[in-house]
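Chemist: Below you'll find the structure I mean.
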Amino acid sequence: MKILVLNAGSSSQKCCLYDISSDTFPQEAPKPLWFAKVDWSHHQGTAEIEISTAKGAYLQEEISTDSRLEVIVYLLNTLHQGSTQVINQLSEIDIVGHRVVHGGREYRDSVLITEDVKNAIANLSNLAPEHNPANLEGIIAIAQQLGNIPQVAVFDTAFHSYIPHAAAIYPIPYEFVEQGIRRYGFHGISHQYCGNRAAQILNQDLASLRLINCHLGNGCSLAAIKNGRSIDTTMGFTPLDGLMMGNRSGAVDPGIIIYLMEKENYTPEQLNHLLNKESGLKGISGVSGDFRQICDAISQGCDRAQLALDIYIYRLKYYIGAMIASLEGLDVLIFTAGVGENVPDVRKLTCEGFSFLGLQLDNHKNENKPIDIDISSVNSTVRVLVIHTQEDWQIAYECWRQMTKNPRTKN
Ligand code: ADP
């Protein structure tokens, strides 16, 4: 089965093609046959494209366009033509999966895309203005290019959609709750993948484990997973809530926002920019929101970069503590995404805060580029895993699940 996966960001587009030949879904993610990455963030109007294949072909190109449709047409051509060709014709693709950021309260699972689903994704754009429209453009582009191929929407909010009301509802006047102002949570595809992968690595039933997944990338969030489902998460109504992030503040006293509006005449646009782009590691350090640059600045003696790291770790421990309370215990702590996978000191400093629980790291394993392994010591009361998150593979799994339960044929 050939599965094409699209993952659209506000100024990026990633795509990959998997080929699954076995009857059962493989436990471990293979390398995709073909992988493409498009970045519009450096120069407006210029798409920087990189394509690589499992056989080692590599193509780098810049095309002058802002149009996602044009770029997707270009990418699809490289699947069956030129140096990065991996299939003979596009009709070999069986199904296409899309990451869709917001599924609202309605979509609690991935779903085959119909006109109703497209309308719902469009209607939810007010809750994810930077992402849902981009996701929809990808869906429309594929329908234009591949006709009536089955397409699946895999929602980042779905994994969190069973969070109990007590954890999901903000204590504001109830009329706003009825309008849909509540905790939705994000990074759900990554949290779900990591939970499943943790159970595989430990060779235990996921339903028997209480897990906390720390997704620490540019955006950061925790999920508390019990009975295989998210029961609490740190991101909320928007991806601004919770942990301190690269450029985002995470949770702050809402009174600060009122103060800035009243005393400093901040507009909604300025507040949006301040909290989403100028805060977090960047805001405190004055250096960057990129963790590598924070580490470099600390090694050169920059006090504000050190303060940024101290707040980052403090808040991470603080929210892990909250998630332990939600779970009423902890069996597995997982670190994933750019920072979680690559920075041993973040794992060490965080885990030190929970030694009172009997959580102990194996320092040697922690320092030696662990991927998909248990880095806790034999005597630790909590298993600590580093997992390389694979959102695209989780989306491919959702496509495979849709195909096998509902084998709609292509035209
Ligand atoms: P996104 O949320 O955009 O998917 P990533 O998961 O790629 O982000 O994580 C990006 C973050 O991870 C950046 O802050 C980057 O500096 C950090 N990072 C990635 N690799 C390393 C590394 N080897 N050492 C330190 N930080 C790293």
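Keep in mind that glycine also has a Cβ here, set from the backbone N, Cα and C atoms.
Pasting the feature list from TrEMBL:
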- Asn7, Glu391: Mg(2+) binding site (BINDING)
- Lys14, His215, Leu216, Gly217, Asn218, Gly219, Asp290, Phe291, Arg292, Gly338, Val339, Gly340, Glu341, Asn342: ATP binding site (BINDING)
- Arg99: substrate binding site (BINDING)
- His187: site 'Transition state stabilizer' (SITE)
- Arg248: site 'Transition state stabilizer' (SITE)
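A description of the local structural setting of each listed feature is requested, covering burial, neighbours and distances.
Modeler: The C-beta environment of Asn7 (Mg(2+) binding site), restricted to residues of the same chain at least 6 apart in sequence and closer than 8 Å, consists of Gln13, Lys14, Cys15, His98, Arg99, Glu391, Asp392, Ile395.
Less than 8 angstroms from the CB of Asp290 (ATP binding site) sit Gly246, Leu281, each of them six or more residues away in the same chain.
Cβ contacts within 10 Å of Arg99 (substrate binding site), excluding its own Cβ and spanning all protein chains shown: 25. Classification of Arg99 (substrate binding site) by DSSP places it within a strand.
DSSP assigns His187 (site 'Transition state stabilizer') to coil in the three-state reduction, placing it in neither a helix nor a strand. Taking a C-beta cut-off of under 8 Å and a sequence gap of six or more, His187 (site 'Transition state stabilizer') has these contacts in its own chain: Asp156, His215, Gly219, Ser221, Ala223, Thr233, Met235.
Of all Cβ atoms in the shown protein chains, 26 besides its own fall within 10 Å of the Cβ of Arg248 (site 'Transition state stabilizer').
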Chemist: May I ask you to report the DSSP-based helix, strand or coil state of Glu391 (Mg(2+) binding site)?
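Modeler: DSSP call for Glu391 (Mg(2+) binding site): helix.
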Chemist: So for Glu391 (Mg(2+) binding site), how many other CB atoms are inside 10 Å of its CB?
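Modeler: Result for Glu391 (Mg(2+) binding site): 23 neighbouring Cβ atoms inside 10 Å.
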Chemist: Three-state secondary structure of Val339 (ATP binding site) from DSSP?
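Modeler: Note: Val339 (ATP binding site) is helical by DSSP.
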Chemist: What whole-number Å value do you get for the CA-CA distance of Val339 (ATP binding site) and Arg248 (site 'Transition state stabilizer')?
Modeler: 15
